Amino acid sequence: MGSKEREIKSPEVQLGGNSTPKRGSKKLGIYFLESDDRRTAFGRGYSGGVGGATPVNIHGKPIPDINKTGGWIAALFIFGNEMAERMAYFGLSVNMVAFMFYVMHRPFSSSANAVNNFLGISQASSVLGGFIADAYLGRYWTIAIFTTIYLAGLTGITLLATIKVFVPNQDQCDQIALLLGNCEPAKSWQMMYLYTVLYVTGFGAAGIRPCVSSFGADQFDERSRNYRSHLDRFFNFFYLSVTVGAIVAFTAVVYIQMKHGWGAAFGSLAIAMGLSNMLFFAGTPMYRHRLPGGSPLTRVAQVLVAAFCKRNVSFQSSEFVGLYELPGKRSAIKGSNKIAHTDDFRCLDKAALQLKDDDGANPWRLCTVTQVEEVKILLKLIPIPACTIMLSVVLTEYLTLSVQQAYTLNTHMGHLKLPVTCMPVFPGLSIFVLLSLYYSVFVPISRRITGNPHGASQLQRVGIGLAVSILSVAWAGVFERYRRTYAIQHGYEASFLTQMPDLSAYWLLIQYCLIGIAEVFCIVGLLEFLYEEAPDAMRSIGSAYAAVAGGLGCFAATILNSIVKSVTRGKGETRDSWLSQNINTGRFDYFYWLLTVMSLINFAAFLYAAHCYQYRSKDGTDRQSEKGPGSNRTSTNAPDPIRTPQLTVFGRE
């Protein structure tokens, strides 16, 4: 192939019998070709001598003194932005249903569906923000643009709640008129304005959510000895900032709404977002950046097209020269290190299969090994966040079902009466307490059990979260059965909005605290897992997987509710459905137990996915292959390691 090309062979190593190839398979890693003639997938080279995943400044140039940037100080500016974003998100989720019902005079069911759809779309569309960040703008500029859009949407909602022309006439619209639907309905243009500003806000959130956690993690040096420890603590503190934002939304914002009205409540969210934007921009000189790697969708499409074009070519063909890659340590993808070849999804390897007539000039015909491995990683990651969709379903159901339960219970705490809309604050408080005690209590105890220096691996933490969520929803079913029986026996069957003075709402704290614990372990573990396992140039998209799972959970909850109502309602509506508006005649307990069964099935699926998942290699060396729940793999960094043979050699000049 000429002096500019050479084949690198790395012999197979037999250790403990674990590296024996499958029958009839050929280890492709021993045929690994590097070429100096390869151009990048986008016709661009490296700017300013920056290669791989090297941090750069805001201008894309190497940072002269990296020790003066990044670290925890830079992360603090990012925490503030996330805290305000979550405060606005939860503030809208708590107040918008009531605003649409009491002010816009929309039916309660349609108001709840509209807000659920808003929450679902804003999360599911987060992949768009991740794509823009990874492909073109980088994480900093994506956050800067979309956080401004977010602020514009919140300002529009504040104007809606402040200026009377945007809302229907409120005269002669008392509680009875609302329940009977006799209030003046909102005009079509008023609802159009409401939906416009609401979805502008959701669009802003979709751009911020996948980038903030990744951008914060970018502030820590991967070459540092304490990198894993810093990253672990960062994601815990990151979620702590999320929790603080939620607590403020469920308490202070609700209080402002009750005392000063809707305009003041939504205005407080806009002011908080504006202040956080100023804080984020003030930290600009401190930030470390990563170069965007070009369109990830284009790279994925190139791999699929190239693999399809060579689908009929055999790896044993005499035309087969080797698997294609650039020489040295640099990758063809900006902002990315090289990725070692793996034997998963062998059909995709054909995209990197170089034949004698391939000159390496057409990326739609021949892709590098790193580009192929990017696609493999994205596919291998999918089952893990997919298994967290069920947790999102449970969380979504709690936002409505638990509040309906609270309306029938005594919410007094001594002489203090808490509003029902404040009840969701208790999962946030449990999260706050758990994160505060995480390193002083949980990590030392779990370290003795697992031997993991961080207490538990990322997948183990996700598994713990899913297991605790099962306990939460099972307890919810048990308590709801008791609450319903009590209501019927004491004559409250028809009075579903009347509080029973002898039955405290604080029995709900058990399910709230358990679901808060589940959320900490599952979501924090998932965010860290996706950041570390995603390809270097696709980390925003990797983080978007978690948000997409959350959005799909919202949609799944809406679909599940519709199915349950349809199936459990008697013919001709002779009997109430499980999810009847009258909670005392419905069967919320059956519905909770249905969720329990679904959660158990989902947990079994997660155990299988975690058992099959192999943590990926980085920089040509295997990182710790920590045990996931149900996994029988041994850590490659353990005292008596069994190492996977290194099939691909990078960095030879």
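The first residue you see is number 1, and the count goes up from there.
Each Cβ is built from the backbone N, Cα and C atoms, and glycine gets one as well.
Pulled from TrEMBL, these are the features on record:
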type: COMPBIAS; residues: 1-10; note: compositional bias 'Basic and acidic residues'
type: REGION; residues: 1-24; note: region 'Disordered'
type: REGION; residues: 620-653; note: region 'Disordered'
type: TRANSMEM; residues: 87-105; note: transmembrane segment
type: TRANSMEM; residues: 117-137; note: transmembrane segment
type: TRANSMEM; residues: 144-167; note: transmembrane segment
type: TRANSMEM; residues: 192-212; note: transmembrane segment
type: TRANSMEM; residues: 233-256; note: transmembrane segment
type: TRANSMEM; residues: 262-282; note: transmembrane segment
type: TRANSMEM; residues: 377-398; note: transmembrane segment
type: TRANSMEM; residues: 418-441; note: transmembrane segment
type: TRANSMEM; residues: 462-479; note: transmembrane segment
type: TRANSMEM; residues: 505-531; note: transmembrane segment
type: TRANSMEM; residues: 543-564; note: transmembrane segment
type: TRANSMEM; residues: 590-610; note: transmembrane segment
Recorded stretches the transmembrane segment (377-398) and the transmembrane segment (233-256) touching, at least 3 CB pairs under 8 Å: no
Region pair the transmembrane segment (233-256) / the transmembrane segment (505-531), three or more CB pairs under 8 Å: yes
Two-stretch contact, the transmembrane segment (87-105) and the transmembrane segment (144-167), at least three Cβ pairs under 8 Å: yes
Long-range Cβ neighbours of the transmembrane segment (505-531) (under 8 Å; 6 or more residues past either end): 213-214, 217, 231-232, 235-236, 238-239, 381, 384-385, 388, 391, 394-395, 398, 402, 405-406, 409-411, 413, 418, 420, 423-424, 426-431, 434-435, 438, 456, 458-462, 464-469, 471-473, 475-476, 479, 483, 539, 542-543, 545-546
Non-local residues, at least 6 beyond the ends, that sit with Cβ under 8 Å of the transmembrane segment (543-564): 113, 116-117, 119-127, 129-131, 206, 209-211, 213-214, 381-382, 385-386, 388-393, 395-397, 523, 526-527, 530-531, 534, 577-579, 591, 594
Residues of the parent chain within Cβ reach of the transmembrane segment (462-479), under 8 Å, 6 or more residues beyond its termini: 384, 387-388, 390-391, 394, 398, 401-402, 456, 507-508, 510-511, 514-515, 517-523, 525-526, 529, 589-590, 592-593, 595-596, 599-600, 602-603, 606-607, 610, 628-630
Cβ pairs under 8 Å between the transmembrane segment (192-212) and the transmembrane segment (117-137), at least three: yes
For the transmembrane segment (418-441), sequence-distant contacts whose Cβ falls under 8 Å of one of its Cβ atoms, 6 or more beyond its ends: 94-95, 98, 233, 236-237, 239-240, 243-244, 246-247, 250-251, 254, 258, 398-399, 402-403, 406-407, 411-412, 505, 508-509, 512-513, 515-517, 519-520
